[in-house]
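Student: Annotation source Swiss-Prot lists active site, proton acceptor at K179, H297. As annotated by Swiss-Prot, substrate binding site applies to N127, T177, K181, R298, H330, S382. As annotated by Swiss-Prot, Mg(2+) binding site applies to K205, D207, E208. Residues annotated as N6-carboxylysine in Swiss-Prot: K205. According to Swiss-Prot, the site 'Transition state stabilizer' annotation covers K337.
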Amino acid sequence: MSQSVESRTRIKSERYESGVIPYAKMGYWDADYVIKETDILALFRITPQPGVDPIEASAAIAGESSTATWTVVWTDLLTACDLYRAKAYRVDPVPNVADQYFAYIAYDIDLFEEGSIANLTASIIGNVFGFKAVKALRLEDMRMPVAYLKTFQGPATGLIVERERMDKFGRPFLGATVKPKLGLSGKNYGRVVYEGLKGGLDFLKDDENINSQPFMRWRERFLYSMEGVNKASASAGEIKGHYLNVTAATMEDMYERAEFSKEVGSIICMIDLVIGYTAIQSMAIWARKHDMILHLHRAGNSTYSRQKNHGMNFRVICKWMRMAGVDHIHAGTVVGKLEGDPLMIKGFYNTLLESETDINLPQGLFFAQNWASLRKVVPVASGGIHAGQMHQLLDYLGDDVVLQFGGGTIGHPDGIQAGATANRVALESMVMARNEGRNYVAEGPQILRDAAKTCGPLQTALDLWKDISFNYTSTDTADFVETPTANI
């Protein structure tokens with residue numbers, strides 16, 4: 001028996017009247033929404049178009065990143081639409097900025113495929129960033145529920161196992177990127193690796209854009225690099241490594257290169273962020289299976305993470321990459337040549353290293369996060385750093401980091417090995433001073449000068465680079481406090 005007209009009318013309600021109605025009226029705004037433990041939460045910075053109410057703009061973002069389209073569709077009635085609609089539940093004005101708002105949005109966990117960064121991002125950063133109702137949109141932070149995190153592998157190796165494997169404790173790891181990054185022959189490339197490791201570094205590294213070019217094919221680079229690693233390890237009596245970049249055009253090529261890196265004895269391989277989320281997860285699974293450390297270079301991230309009003313904050317990338325399963329990720333230096341506000345970088349490092357984080361608005365952490373026992377990712381600091389900044393680096397970044405001195409090693413006038421030695425002595429003298437209870441931050445320059453009295457390479461480095469720094473105001477700074485961005 002067919003439904004009566006009266007019954008159909010009751011079911012339709014105002015929400016399902018045909019045509020275009022506001023997103024907030026369609027159910028994508030709910031100021032009284034009670035957050036579930038299993039909800040995925042997102043915090044967007046929105047800049048509505050003139051005349052667009054911020055609540056309606058927030059509801060539109062919630063709708064377009066979950067189930068909505070531009071008009072009412074009756075097929076919503078065939079779904080558990082009240083459950084599957086994302087709900088914007090809170091809108092706050094951004095402090096000290098006109099016409100920008102923080103929009104809090106909750107998503108039911110069943111909107112997302114288990115263990116898939118690609119599926120998560122297809123919704124959260126999909127079509128919404130081109131939506132006309134907002135002039136600009138930025139994803140600032142997310143909270144992943146424990147139930148969702150448990151569907152991800154997490155870091156292939158993790159900080160604790162990496163320290164055990166490297167037999168390095170109580171200090172940062174030391175590394176360097178081979179320079180020039182492009183153009184060297186395989187034999188010369190391998191010699192750079194050897195000299196850096198022989199001088200005292202723990203790691204040498206391929207750069208993001210060295211893959212398999214005419215001047216040096218990948219297999220040649222791998223063989224010569226590992227020859228340098230093995231000779232330096234035997235000479236120093238220490239475990240050392242070189243990040244072999246396996247980034248390639250296809251997954252088949254990447255697996256081939258990764259397999260070869262394992263065959264020739266490497267303990268670590270490397271990929272670039274630009275290969276995409278599915279490829280990153282695939283390589284992390286491979287690395288876990290083959291007992292390899294997996295380094296991720298964040299190549300390309302600043303195209304969408306640097307501008308404050310549009311794109312995506314790097315802390316979100318940190319969260320996704322911890323879920324995806326990388327062991328290292330470049331996360332800023334504070335004092336180097338690349339973008340890096342001190343508080344923002346502290347938030348990045350805490351996201352990668354802590355088992356649980358609380359809300360910390362000065363660091364940009366809008367949600368408390370329990371990491372469900374996923375392993376820790378080692379942050380990497382690289383780009384424009386040198387031995388004379390060692391006290392600042394140790395103060396800002398702590399022990400659980402890889403300090404990579406590329407130009408600060410290879411640019412040493414007495415040679416690569418001397419540059420590496422300068423960095424190793426600078427680090428060990430600073431760690432010793434700290435462990436003795438000295439105020440190593442205030443006394444840092446004097447500690448370095450004292451160490452240089454018995455280390456010629458360090459004295460040369462201090463004379464050459466002195467207090468060189470890159471004092472530019474960061475574009476991505478805290479919204480809730482003023483922070484220094486100069487290298488002081």
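From the backbone N, Cα and C atoms, a Cβ is placed for every residue, glycine too.
I'm curious about the neighbourhood of these features; can you describe it?
Tutor: Secondary structure from DSSP puts K179 (active site, proton acceptor) in coil.
The number of other Cβ atoms within 10 Å of the Cβ belonging to H297 (active site, proton acceptor), over all protein chains shown, comes to 26.
DSSP gives S382 (substrate binding site) a strand state.
Within the same chain, residues at least six positions away from E208 (Mg(2+) binding site) with a Cβ under 8 Å of its Cβ are K181, N245, T247, D272, H297, A299.
In the shown protein chains, 30 other C-beta atoms lie within 10 A of the C-beta of K205 (Mg(2+) binding site).
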Student: Give me the count of other Cβ atoms within 10 A of the Cβ belonging to H330 (substrate binding site).
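Tutor: So the number of other Cβ atoms within 10 Å of H330 (substrate binding site) is 23.
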Student: What residues, ordered by sequence, lie under 8 A Cβ-to-Cβ from D207 (Mg(2+) binding site) and sit at least six positions away in the same chain?
Tutor: T177, V178, K179, K181, L182, N245, H297, G406
Student: Excluding near sequence neighbours, so keeping only residues 6 or more apart in the same chain, what lies with its CB under 8 A of R298 (substrate binding site)?
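Tutor: Counting only residues 6 or more apart in sequence, the Cβ neighbours of R298 (substrate binding site) under 8 Å are L273, F314, I317, I329, H330, A331.
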Student: If you measure every Cα to Cα distance among N127, T177, K181, R298, H330, S382, the residues said to bind substrate, what is the biggest one in Å?
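Tutor: Maximum Cα-Cα distance: 37 Å.
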Student: Run through the Cβ atoms and count how many others sit within 10 Å of the one on S382 (substrate binding site).
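Tutor: Here the count is 25.
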Student: For N127 (substrate binding site), just give me the three-state DSSP call.
Tutor: helix
